[in-house]
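J.: Quick paste from TrEMBL:
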- Gly10, Ala11, Gly12, Lys13, Gly14, Thr15, Arg127, Thr136, Tyr137, Lys199: ATP binding site (BINDING)
- 30-59: region 'NMP' (REGION)
- Thr31, Arg36, Glu57, Leu58, Val59, Gly85, Phe86, Pro87, Arg88, Gln92, Arg160, Arg171: AMP binding site (BINDING)
- 126-163: region 'LID' (REGION)
- 127-162: domain 'Adenylate kinase active site lid' (DOMAIN)
Amino acid sequence: MNVLIMGAPGAGKGTQAAMIAGEFGIPHISTGDALRLAVDQGTAMGQLAKGYMERGELVPDDVMNGIVRERLGQDDCRGGFLLDGFPRTVPQAEALDGILAESGRKIDRVVYLDVDRELLLERVTGRRVCRSCGATYHVRFHPPAKPGVCDKCGGELYQRKDDSAETVRTRLEEYDKKTAPLLAYYRERGVLCRIDGAKPIAEVSEDIRRCLRGPAE
Ligand code: AP5
Ligand code: MG
Ligand code: ZN
């Protein structure tokens, strides 16, 4: 099964992707995580992406399309994959269709997590991420047993640089302008499932399971 998970910053893509990838046995491909790793490692791509990410702007399409083409060509994606945070523009969606068509593949389902603005801001500004394993927490909605320490691996929790209220505003504007039009793109293709992402984490997971096992909207 080839799946996309979509939604505004803070909608819960990463949180739910971990569940889907585990249960359905497919790799979780987060372009945001891939870029953050490249920035930390100081690769050429990381140096290029850093400024865009810190400002909350999208990284150029040709860079992103290259990353995804390379990743989807790897063996572990043959039995399906879950893309988180890509595509984010209509040209990226068209490029993705082209990449998949080359190997006779297509997108089977698009999970869209719908969450209103106020809640998104609260989620993003309260998020904490494990430096070692990448697990995601929230100071109010999903706190670790011990503040600042990962429940899963004992790693240190940190706040993403782009999670300041100021940068989140730019990220949300980018989403409205460039990414939201993709919902119509996938709805027309009959693969979109809109899910109420404001519910508690476990309930959202249950709704996603239902969408992936049954027909789209
Ligand atoms: P990326 O890392 O993808 O960031 P994003 O899209 O802004 O999304 P987030 O990761 O912030 O949110 P999420 O939906 O994963 O939410 P999460 O599960 O963590 O991209 C970062 C940057 O990289 C971009 O700005 C851009 O510069 C660049 N980039 C990446 N891909 C690109 C592309 N394709 N093209 C161009 N540029 C690209 O949850 C958020 C918080 O809420 C957590 O604290 C969590 O614990 C909590 N939470 C989650 N679900 C619930 C719930 N149901 N109830 C209560 N709390 C919840
Ligand atoms: Mg994420
Ligand atoms: Zn951890």
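Note that Cβ sites are derived from N, Cα and C of the backbone, with glycine treated the same way.
All annotation found in TrEMBL is predicted automatically rather than curated by experts.
I'm curious about the neighbourhood of these features; can you describe it?
T.: All protein chains shown were included, and the count of other CB atoms within 10 Å of the CB of Tyr137 (ATP binding site) stands at 22.
Averaged across the region 'NMP' (30-59), pLDDT in this predicted model comes to 96.
Sequence-distant neighbours of Glu57 (AMP binding site) (same chain, 6+ apart, CB under 8 A from its CB) are Thr170, Glu174.
When the region 'LID' (126-163) is classified with DSSP, helix, strand and coil residues number 3 helix, 12 strand, 23 coil.
Beyond its flanks by at least six residues, the domain 'Adenylate kinase active site lid' (127-162) meets 10, 14-15, 18, 33, 36, 53-54, 56, 168, 171, 201 of its own chain at Cβ-Cβ distances under 8 Å.
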J.: Would you kindly give the Cα-Cα distance separating Arg127 (ATP binding site) and Phe86 (AMP binding site), rounded to the nearest Å?
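T.: Rounded to a whole number, the Cα-Cα distance is 21 Å.
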J.: Relative to the Cβ of Gly10 (ATP binding site), which residues of the same chain, six or more apart in sequence, are found under 8 Å away?
T.: Val115, Leu119, Leu120, Leu121, Arg123, Val124, Arg127, Val168
